[in-house]
Structures are given as C-alpha cells and as structure tokens.
C-alpha cells in the first residue's frame with residue numbers, strides 16, 4: 001500500500017459511505033495476555049494499568065531517577081554509617097538498620113513521589129485541561145488515585161529495586177527472613193503510597209483556588225522531606241517533636257513502612273495509623289473536590 | 001433537548017480593592033430541539049465557553065435553570081455525561097502517551113459501552129473519519145487534524161443524543177476542516193444527533209447550521225436562521241461582514 005500523507009486521509013468523504021477500495025479496518029482484537037488484561041477488569045483497575053503503561057513511555061527518565069537515587073543513597077549511607085559508628089545503637093537502630101533505612105528511603109522516593117508532583121492535576125487545572133476531566137463520568141479523585149497507583153507500581157520496579165540492590169551489594173542491607181514481615185511491609189508500602197497520593201492530591205487541588213501551585217508545592221516539599229524521615233530518621237527527633245512527627249501523615253510515607261520492614265514497630269498500630277491518615281486525606285480530598293467543582297473558575301476558553 | 005432558562009453565571013475576579021464581579025453570562029434563554037444543528041457564535045470572551053461548560057455540568061450557573069437531555073447538568077453530571085458527547089477543540093480527551101486505540105478502549109469502559117456496540121461504532125467511525133492509519137500511534141505523535149478526528153470519535157463512541165462542540169475546526173487546514181464538516185453534517189442528517197457548535201469559523205456556520213445563535217457580552221444577541229442573520233444587515237455582502245456588523249453594533253451593556 002503506498003504511504004499517504006497523514007492529512008491526505010482527510011479528503012472530504014464521498015457522498016455515501018466510503019467506496020474506495022481500502023485495506024479492511026483494523027478490527028483485530030488487541031493482544032490479550034496475563035491476569036490484568038481480563039476484559040471484565042473494572043474501570044479503575046484499567047486506569048491503573050494504563051497509568052503504568054503511560055509512565056513506561058518515560059523509561060529513560062525513570063532509569064536516570066534510579067541512578068540518582070542510588071548515588072545519593074550511597075552518599076547518605078556513608079553519613080549515616082559515620083553517625084552510627086560514633087553513636088552505636090542510636091534510636092534503636094544498629095549500623096545495618098541505618099544503612100537499610102537509608103536505601104529504603106531512597107527506594108521510596110519514586111513510588112511515593114517524596115519530592116512532590118507525580119500528578120498532572122495542577123498543570124491541568126492551570127492550563128484549563130481539567131475541563132475535559134470534569135466532563136467525564138468518573139470521580140476525579142478515584143481516577144487520579146488509580147493512575148497514581150499505576151505510576152507507583154512502575155516506579156517501584158524501575159526506581160526502587162535498583163538502589164536497594166546496589167545498597168545490598170555495597171553495604172549489605174537487612175533482609176527480613178520472616179515472610180510475614182514482607183507481607184506487612186507490602187501492605188504498609190501500599191498504604192504509604194495512598195497517603196502520599198492523598199497529600200499530593202490536596203496540594204495539586206490547591207491550584208483551583210490559587211492558580212499557581214508553586215508556593216504550596218515547595219511548602220509540601222519541605223514538609224514531606226523533613227517529616228517523612230527522608231532527611232533523618234524520625235526516631236532521631238527529640239522529645240515532643242519526635243512524637244509529633246511520628247504521628248503526622250508524612251511519617252506514613254517513609255518512617256512507618258521502613259520500620260515495619262526493619263521490625264522496629266508494632267505492626268497493627270503502624271498499619272492503623274497509616275490507614276487512618278489514608279482515610280482522612282482521601283476524605284478531605286473528596287470534600288475539596290466537591291468544593292472545587294462548585295466554586296472554581298475553569299481556566300481558558 | 002437543551003433548555004436554558006434565564007441562566008446567569010458570574011465570576012469574582014481580582015482581590016482587595018480591584019475585586020469585582022464579572023458577568024460572563026446573563027439572562028440567557030434558549031431551547032434546542034432534538035435533531036437541530038445550531039451554531040453558537042460570539043466574539044472572544046462573549047460567554048460561549050462558559051455556556052458550554054454549564055451545559056456539560058462542569059460549571060454551575062449562578063442563576064437560572066438548565067436541562068440537557070432531560071437532566072440538570074450540575075446535579076446529574078455523571079448521568080448526563082453518558083448521554084452527551086463533548087469536544088473541546090483546544091483540548092484533548094485522549095491519553096497523550098497511549099496509542100489512540102487504547103484511549104478508545106478506556107473510553108469504552110468509562111462510558112460502559114457494550115463491547116459489540118463499541119466494535120461496530122468504532123469500525124464505522126474509523127471508516128468515516130479515516131482513523132485506520134494511526135490507530136496504534138501514541139496521541140502525542142498525531143497531527144492536529146488526526147487528533148481532532150480522534151477526539152470526535154471519542155465523543156461519539158457511546159452514541160450520545162447530543163454532541164456539543166467547542167471550536168472543533170480550530171487550527172485545521174482546509175482539507176481537514178472540510179472533512180470534519182462533512183462528517184458532522186452527516187452525523188446530524190443520518191443519525192439525527194443534535195449538534196451545538198461554537199466556532200469562529202463562519203464557513204462552519206454557513207455549511208452546517210440551519211440555526212444560529214449569537215452571544216454578545218453574555219447575552220443572546222441573535223437567534224434565528226442563517227437567512228434571518230443575513231437580513232439583519234442587508235447592506236453587507238458576506239457572512240463575515242454581517243457578523244462583524246452584529247458584533248460591533250450590538251449595544252454594549254456596561
């Protein structure tokens with residue numbers, strides 16, 4: 001078949017349905033394989049799968065992120081090793097725990113989007129594309145959550161596994177022997193991603209009211225970095241500050257899942273706190289979405 | 001099919017001393033019957049997009065009552081979305097990084113379209129809009145003309161009774177424009193789909209619309225047939241001149 005210029009295809013249609021001989025329209029059903037490609041897959045699971053695929057279009061960016069996370073992980077590991085060698089047993093961690101904490105927190109950066117962002121929502125609000133999203137017969141929040149879970153799953157593979165493996169090879173990290181710990185960790189990790197989404201969704205939604213979300217984004221960045229345990233384990237925070245930091249939502253993103261992994265925390269309590277924050281932030285997000293719908297200016301013509 | 005009854009929408013802009021209320025749409029009333037093809041004209045900032053956003057339930061009117069396909073858009077937004085199709089010419093409903101067919105597949109689930117209906121309609125639209133050549137191309141690689149055809153397809157996969165188009169021919173070359181017009185004309189004539197079209201392209205209006213509504217400063221300035229429209233300025237030759245006359249002559253209510 002001779003190649004046609006793309007626009008040539010748009011010649012005014014014939015008086016009736018096309019009579020020009022043409023290759024049959026591609027009605028071949030798409031390739032289906034694997035568990036997740038069941039046709040009965042619910043809408044939001046499907047959106048999550050597409051979120052995963054959408055992000056896989058940016059593999060180079062994810063790999064560059066993984067490289068950066070690994071290099072910074074190595075730097076931080078040396079700092080923490082020096083600290084724990086000077087003060088053994090600090091905060092209930094030994095050196096191996098501290099190094100593991102360091103590489104886990106590096107591994108969380110991608111899936112939990114600890115530097116903020118990950119959602120296109122703010123950009124879409126500012127540019128007016130949100131009109132399209134709001135016109136769909138779906139929940140804006142659930143939609144974004146599903147997409148974000150797909151994104152997190154992709155980044156878990158590309159940005160979390162490499163730094164952890166490199167850390168294990170260079171410094172040796174703790175690997176729990178008990179499969180139950182892995183199970184709890186998986187739940188805790190998932191809850192961490194949901195809490196992270198809940199928070200980032202609220203931050204992104206703020207652009208409905210204040211148009212430019214750069215201020216809220218940088219505030220969010222500081223809060224997430226500091227109070228998640230990303231900069232320093234929250235166990236090192238003294239007195240009331242430590243107690244406060246441990247109970248804030250950001251702790252659910254790094255400190256709690258890392259402690260669950262290291263077996264340093266009462267599991268039911270840890271998961272309950274994460275669940276509580278996930279529910280609270282999602283509820284707040286749902287309220288904010290409703291408020292946004294009612295009073296927003298949808299930007300652009 | 002579309003009933004708009006004394007609808008107003010105002011926005012508060014600015015803050016502090018410069019805070020003021022802008023009336024994007026005021027006292028707007030019109031009715032569109034099933035099967036009509038209506039052109040909705042107005043200069044930039046006249047309130048066209050605000051009207052479209054209210055009709056689709058994205059914006060709530062500050063006053064008045066709207067009914068589209070038997071539903072109140074603001075209250076029954078989700079149910080309404082399944083009965084109408086919307087195309088924002090300057091935006092896309094398609095997923096930027098996914099092949100076109102994946103976007104359609106998602107839309108099928110989003111609108112809960114029966115699989116056989118979906119296949120049949122997609123095959124039909126693929127044929128009519130000639131999408132076959134780029135079904136597997138990621139949307140970001142499509143030309144504007146291709147993307148717009150994809151967007152129109154996406155809006156029609158659930159076979160809506162009403163199609164609302166906000167500048168569907170913006171930025172298209174003459175050939176793509178002609179194809180789009182021909183398609184919309186047939187959709188209306190053969191399927192009986194009610195179409196409301198906003199555009200700045202008067203060619204769209206002349207070729208397609210039996211009825212024209214003109215909004216100016218948020219109010220309906222004209223509502224009638226194309227001939228009625230021409231009759232408002234008998235001295236002017238082209239439709240451009242007639243509309244320019246209307247845009248500039250309409251009493252500004254400030």
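For all residues, glycine too, the Cβ spot is worked out from N, Cα and C.
Predicted automatically and left uncurated, TrEMBL annotations should be read as such.
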Where TrEMBL places transmembrane segment among the ranges A:181-199, A:200-218: A:181-199
Correct range for region 'Disordered' (source TrEMBL, candidates A:1-33, A:34-66): A:1-33
Cβ-based contact of the transmembrane segment (A:271-289) with the transmembrane segment (A:181-199), 3 or more pairs under 8 Å: yes
Contacting positions for the transmembrane segment (A:60-86) when only residues 6+ beyond its ends and CB under 8 Å are counted: 93-95, 98-99, 101-103, 106-107, 109-110, 154-155, 158-159, 162-163, 166-167, 170-171
